[in-house]
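K.L.:
First, the structure itself, so that you have it in front of you.
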Protein chains: 4
Amino acid sequence: MKVLVTGFDPFGGEPVNPAFEAVKLLPRTTAGADVDILEIPTVFHKSIEAVVKRAEEMCADRILMVGQAGGRFEITVERVGINVDDARIPDNEGNRPVDVPIDPDGPAAYFATLPVKAMTERIRSRGIPAKVSNTAGTFVCNHVLYGVLNAAAKKGLPVKAGFIHVPYLPEQAAGKDSVPSMSAVTIAAALEAAVEAMATTGEDVKVSGGREH
Amino acid sequence: MKVLVTGFDPFGGEPVNPAFEAVKLLPRTTAGADVDILEIPTVFHKSIEAVVKRAEEMCADRILMVGQAGGRFEITVERVGINVDDARIPDNEGNRPVDVPIDPDGPAAYFATLPVKAMTERIRSRGIPAKVSNTAGTFVCNHVLYGVLNAAAKKGLPVKAGFIHVPYLPEQAAGKDSVPSMSAVTIAAALEAAVEAMATTGEDVKVSGGREH
Amino acid sequence: MKVLVTGFDPFGGEPVNPAFEAVKLLPRTTAGADVDILEIPTVFHKSIEAVVKRAEEMCADRILMVGQAGGRFEITVERVGINVDDARIPDNEGNRPVDVPIDPDGPAAYFATLPVKAMTERIRSRGIPAKVSNTAGTFVCNHVLYGVLNAAAKKGLPVKAGFIHVPYLPEQAAGKDSVPSMSAVTIAAALEAAVEAMATTGEDVKVSGGREH
Amino acid sequence: MKVLVTGFDPFGGEPVNPAFEAVKLLPRTTAGADVDILEIPTVFHKSIEAVVKRAEEMCADRILMVGQAGGRFEITVERVGINVDDARIPDNEGNRPVDVPIDPDGPAAYFATLPVKAMTERIRSRGIPAKVSNTAGTFVCNHVLYGVLNAAAKKGLPVKAGFIHVPYLPEQAAGKDSVPSMSAVTIAAALEAAVEAMATTGEDVKVSGGREH
């Protein structure tokens, strides 16, 4: 099994992106799967293209995309990507779309095709805070999740794909007031657990990971 | 114009639901529109049926569904409903579906057809905290939003529909530790502003209401 | 019984101060006590002088000082004032002391002499979120609490005094991201309940209002 | 210079206490100072006795006490201990005092005699979130801070003492919903930075670490 794990470059004025800082620490083999990593630009559309290109080149069976969720407490495994860009801040090339569909011909949403519950459970079993999230936002993170699932569906690729959001690093939180953080080593351990679950789980487990709102 | 505004009955052990407590305070005419109100059960599927039945009876042009989001700070106008039930707690008839589609033949999601940005702006212009939300959760609130939009799409009804989540009332927060709350009078003023925006806005305004995650 | 209730003027760039907005709504007689109100400047030392001057003029038996605690969820009744000024932002006359004692000859702290537990319980019994706080900060709120208790102790005045912090108003929260708020009417109801408890309680009730940190 | 660093044993149903988990990781020599460590019981009065006994035995020049602050985001350096026990939960021997003075003959409060600002700055300079706190609560943490400062004052000991609160470990947060955490390694690095600042700072630096409330 071949797994592609991507992480964004820094954006929004941050000097680092905890996503790629942690991705860099991943072992290249996990649970029998070959793991390839890739830093992708925090740019609308170019991010999708970068993931799809590499996934096709390496014939990836699984794609795990990772992004920063500044302000979140836990590792969050995303359930769904929606067909809209609505940017509060510009991306790294100055694009700031507002209420524009990612693909005007695409469906309203795609559910992640990775086993989100099994991944979440596996991370928590390692003593690391994790939960399922029902929104990846409306910026480049949601964009690349939706876009890669859309490309896989349209091209009929057998790949399964999903997204994990990670908190700020302590060094990022040190300059802010009372925001949660997680060390790169802890985040990397969570990602490794997620890759294990991705590589070894067939159908997802049926455990509640829902929320009232 | 005929507007239906619904609010759920209490659930999750709460003695009241701020949604219907506020809905009850709405004037019956707002910005030239006739406003009808309805309390609906916090029950999977029955909630959808109740809304659709009343909307058809009264030939509603607009449907605004309102629910409690305990822990949220603001009035939140929901952007999207997704095709999944994943209940952390049972509904009011003991149902607790986990990762079950609302409609196995339905699309992954529907975007609300009400002008969510205009509604949010109008509420804030009254000095009431409000923002767009990109997840209505996976419980009965998301269920009824998805279900009503799905019914409208399948039946070809010309109605536009959407959902607003509201915080706890002060009396609910008084028994908890450090949770935000909003008075029923303030929530009702927000809902009245939202109904005004629904009744008077054609195409939604293009202002950013997005989030990075 | 004569009660003086004070509220600060706006500071920190806010157009209003929820403290005095609510204080203005108080009835002039509560539980048999005469209530006098006073707006005081958010200025080190001048605030203390203003309270002490009015309290002496009216021969106040009780003093309740009220201030804004932007970001707090509940009405918080302060337990203690400490002998230090440490200003993150300037006061309304540009003073910004850092680690300066309020009174170089005063003790490290004074406990409020009002019945903080009875006041907190009374507010919560009205369905309004409230709790005891163990810090009034290090800005003008803590300053006036310490300073008035210090003046009363040094002059041997029989007056009892304390401080209540209140959340932002909804109109203040509407321009911020996810901060708690409370309407002026709800805050005023809380203050009225507190004045009732002040006017009718002898020794404070022994109920836990503590925190681990 | 001889430094004593103490950490509490687990309490409140937690299997571990992040304080002592991190203290255990400290090097025994830092910035030329000898560091001795001690686990102390989360018990009123016995905790004070344990610290004072060891400090006298080793002729400690500095005492840094460390405790868990579940729910806090940062390393927090405490400014002050107040003369009251008000326990929301029982200590590890079942004591639950409510509004009882720690020392009926003691002053209302003691300011920590360690350089709290220099310690906070040093921790943040290592990229670890930290700030000054103006309340150590009313449980055993505040109790031991007040009690040790009180004993030092009454006995005329030349020792300087203070307290640091630390967040939950990730493994503790993994079983809760959206609480901040910090790894033991990161906490230990923060404590080491604090010990360095304690060992090398004469008079504290004058930088603002204050709060409005």
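Keep in mind that glycine also has a Cβ here, set from the backbone N, Cα and C atoms.
As annotated by TrEMBL, active site applies to B:E78, B:C141, B:H165.
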K.L.:
Given the active-site residues B:E78, B:C141, B:H165, which pass a C-beta cutoff of under 8 Å against chain A? Sequence order please.
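P.N.:
The active-site residues close to chain A are B:C141, B:H165.
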K.L.:
Round to a whole number and give the Cα-to-Cα distance in Å for the pair B:E78 (active site) and B:C141 (active site).
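P.N.:
B:C141 (active site) has its Cα 10 Å from the Cα of B:E78 (active site).
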K.L.:
Just the number: how many Å between the Cα atoms of B:C141 (active site) and B:H165 (active site)?
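P.N.:
If we compare the Cα positions of B:C141 (active site) and B:H165 (active site), the gap is 8 Å.
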K.L.:
Work out the three-state DSSP category of B:C141 (active site).
P.N.:
helix
K.L.:
Need the DSSP three-state call for B:E78 (active site) to compare against my parser.
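P.N.:
Going by the DSSP assignment, B:E78 (active site) falls within a strand, counted as strand.
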K.L.:
Using a Cβ cut-off under 8 Å and a sequence separation of 6 or more, which residues in the same chain sit near B:H165 (active site)?
P.N.:
B:V66, B:G67, B:Q68, B:A69, B:R72, B:I75, B:T76, B:E78, B:S133, B:A136, B:C141
